[in-house]
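Asks: I am attaching a structure below and will ask some questions about it afterwards.
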């Protein structure tokens with residue numbers, strides 16, 4: 001368990017492109033989806049496999065490996081987490097989708113919940129939470145707590161950028177949760193934004209200001 005920062009050159013390159021001040025909505029979305037795929041690839045690296053026998057192209061039996069009985073629910077935190085959803089579903093197409101809506105109070109920097117919609121049988125599923133920016137950690141801590149209250153015991157987090165302060169908060173509250181992140185940045189500013197960060201990921205994904 002712990003924090004896993006991806007160091008692959010493709011990840012470093014793509015997260016760097018996302019930091020451009022004048023990046024277009026289209027490009028930001030594309031890069032968010034690409035990085036989500038790479039994060040999902042890394043987060044699924046320990047999935048167990050089983051051998052199955054199928055009929056090959058020539059009519060003869062072929063032994064293949066498939067992921068063994070892993071039930072997954074992907075949990076985007078609204079609204080920015082939606083920008084990572086398609087990329088993760090490209091890699092885990094059979095996953096079911098749960099949704100959590102959280103809004104941050106800009107004065108206290110704490111999150112409050114306005115939507116909670118989980119799939120069934122959470123106690124049998126691995127939940128993969130999506131949030132581009134793990135800043136103060138308040139939204140992530142709250143989402144993990146919600147999942148656990150609803151019976152989920154296997155949880156992983158995918159984030160594009162994280163602040164050390166947010167990582168410290170989440171790992172202290174939930175040391176049993178693995179966090180996969182494309183970049184760990186320097187710090188938070190006085191408004192709770194990550195530096196150097198990406199800016200407001202939700203605005204950049206949805207083209208709003």
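Yeah, the Cβs are placed from backbone N, Cα and C, and that goes for glycine too.
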Asks: Which one of 52, 104, 156 goes with 79, 131, 132, 133, 134, 135, 136, 137, 138, 139, 200 at the 5-phospho-alpha-D-ribose 1-diphosphate site, as Swiss-Prot has it?
Replies: 104
Asks: List, in sequence order, the same-chain residues at least six positions removed whose CB sits under 8 Å from that of residue 131 (5-phospho-alpha-D-ribose 1-diphosphate binding site)?
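Replies: Listed in sequence order, they are 76, 77, 80, 81, 84, 139, 140, 143, 157, 158, 159.
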Asks: Validating a neighbour-count step here. Other CB atoms within 10 A of the CB of residue 200 (uracil binding site): how many?
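Replies: There are 15 such Cβ atoms around residue 200 (uracil binding site).
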Asks: Can you name every residue in this chain, apart from 194, 199, 200, 201, with its Cβ inside 8 Å of the center of the Cβ atoms of the recorded uracil site?
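Replies: For the uracil site the neighbour list reads 132, 133, 161, 193, 197, 198, 202, 203, 204.
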Asks: Which one is it: of the binding-site residues 137, 199, which Cβ has the fewest other Cβ atoms within 10 Å in this structure?
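Replies: Each of the binding-site residues 137, 199 was scored by Cβ atoms within 10 Å; lowest is 199.
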Asks: Fill in the CA-CA distance, residue 200 (uracil binding site) to residue 79 (5-phospho-alpha-D-ribose 1-diphosphate binding site), as an integer in Å.
Replies: 11
Asks: For residue 139 (5-phospho-alpha-D-ribose 1-diphosphate binding site), list the number of other Cβ atoms lying within 10 Å of its Cβ atom.
Replies: 28
